[in-house]
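So that you can see what the record holds, here are the features copied from TrEMBL:
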| type | residues | note |
| --- | --- | --- |
| ACT_SITE | Lys253 | active site, schiff-base intermediate with substrate |
| ACT_SITE | Lys306 | active site, schiff-base intermediate with substrate |
| BINDING | Cys176, Cys178, Cys186 | Zn(2+) binding site |
| BINDING | Arg263, Arg275 | 5-aminolevulinate 1 binding site |
| BINDING | Ser333, Tyr372 | 5-aminolevulinate 2 binding site |
Amino acid sequence: MSFSNLLQDMAIRERRQQGPATSSISLASTADDRSTISRARSYASTAATSVSISGDISSQLHGGYHHPLARSWQAERQLTKSMLIYPVFISDLEDEESLIPSLPGQYRYGLNKFIPFLETLVRKGLRSVMLFGVPMAPGAKDALGTAADDPKGPVISAIRLIRQRFPSLFICTDVCLCEYTNHGHCGILRDDGSLNNQLSVDRISDVAIAYAQAGAHCVAPSDMNDGRIRAIKLKLIEEGMAHRTVLMSYAAKFSGCLYGPFRDAAGSVPSFGDRKCYQLPPGGRGLARRAIVRDIGEGADIIMVKPASQYLDIISDAKELGKDLPVAAYQVSGEFAMIHAGAKAGVFDLKTMAFESTEGILRAGATIVITYFAPEFLDWLDN
Ligand SMILES: [Zn+2]
């Protein structure tokens, strides 16, 4: 629209607001119209002058993000490969390579298949993995989760082999019993089926120590038993490993319906009941804040929030409460599957949503993202 058309348009609008006029008369021909146009012209010129000289210019934002590079500068932090941790499922069947149907494109690997797969990712710049062990062999599960720290079990074998084959890869190990117990709960149970916190913490801290001794760089207890961060830290100190082992706490791990695909992958569906007595209720922001403060006090080196996108306020709380600690966010299996499902249904583009969801997580305050999109991000970040 040219400037004169704009002025004419403004004049028409003003006339309409003033009520019905002699509409058949040509616009520029009346004294009224001339005065409207001159007011509009003077308004435009005054506005321009006030912007350029002394007026309030805070309304002028577009220039700052016109260019794609300038748009990227608007983010406080941007995703890099070193922020990514890739969660992987390692089975005790050495040649296993099973697609997990509910977790698009993700496999459960035996070590013979996992190492070549990992080699490709390390070449592309993968810096860190989170290992989840999955005992598939019959009879591997019992009430104490004995297989969790079996020296020949999937996690300890994987740590040793990865250290040997990929010395620069940072190994995080999920520490829990639910994949290894026959009841599928995250600890040792009392006769009435409730968690025995004391026994569970003793056992879980032993498992963490076994992983650190095998060479894990980071142990990450996900069981949500009270006091396990302190117990693990004390044992790491006693064993002389506290100085070389990162303790990442799943401090704010919420119960909910986003873990279904993970439980399919890890075979960790509880045989009775659920985990609501130890995982946080979705509305429990205050409880999450207390758990974060507690775990920082007990010696956590990194605070994790899980799931991620539904709990951005908690990530932000974690950053505020633990402002001197890195905050990690776990974009869990259900979030990943939802993004895939949305893309498949044509709601949005997969890559665009993968980035947008991650940008939200970083904006909330995380600097570490545990995500099944890690392999794709290694490619996407190169382009
Ligand atoms: Zn568990």
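Any Cβ shown, glycine's included, is placed from N, Cα and C.
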Measure the Cβ-based neighbour count of Lys306 (active site, schiff-base intermediate with substrate), defined as the other Cβ atoms within 10 Å of its Cβ. 25
Of Cys176, Cys178, Arg275, Ser333, listed as binding-site residues, which ones have a Cβ less than 6 Å away from ligand 1? Cys176, Cys178
Suppose we draw a 10 Å sphere around the Cβ of Arg275 (5-aminolevulinate 1 binding site). How many other Cβ atoms does it contain, all chains included? 19
Of Cys176, Cys178, Cys186, Lys253, Arg263, which recorded positions come within 10 Å of Ser333 (5-aminolevulinate 2 binding site), going by C-alpha to C-alpha distance? Arg263
Any same-chain residues 6+ apart from Cys176 (Zn(2+) binding site) with CB under 8 Å of its CB? Would you list them in sequence order, or say none? Ala148, Cys186, Ile204, Pro221, Ser222, Asp223
Keeping only the binding-site residues of Cys178, Arg263, Tyr372 whose C-alpha lies within 10 A of that of Lys306 (active site, schiff-base intermediate with substrate) yields none
Of Lys253, Arg263 (the recorded positions), the residue whose Cβ has the fewest other Cβ atoms within 10 Å: Arg263
Among Cys178, Lys253, Arg263, Arg275, these being the recorded positions, pick the one whose CA is nearest to that of Tyr372 (5-aminolevulinate 2 binding site). Arg263
Once near-sequence residues are set aside, which residues in the chain of Cys178 (Zn(2+) binding site), 6 or more away, have Cβ atoms under 8 Å from its Cβ? Gly145, Gly184, His185, Cys186, Asp223, Ala266, Ser268, Pro270
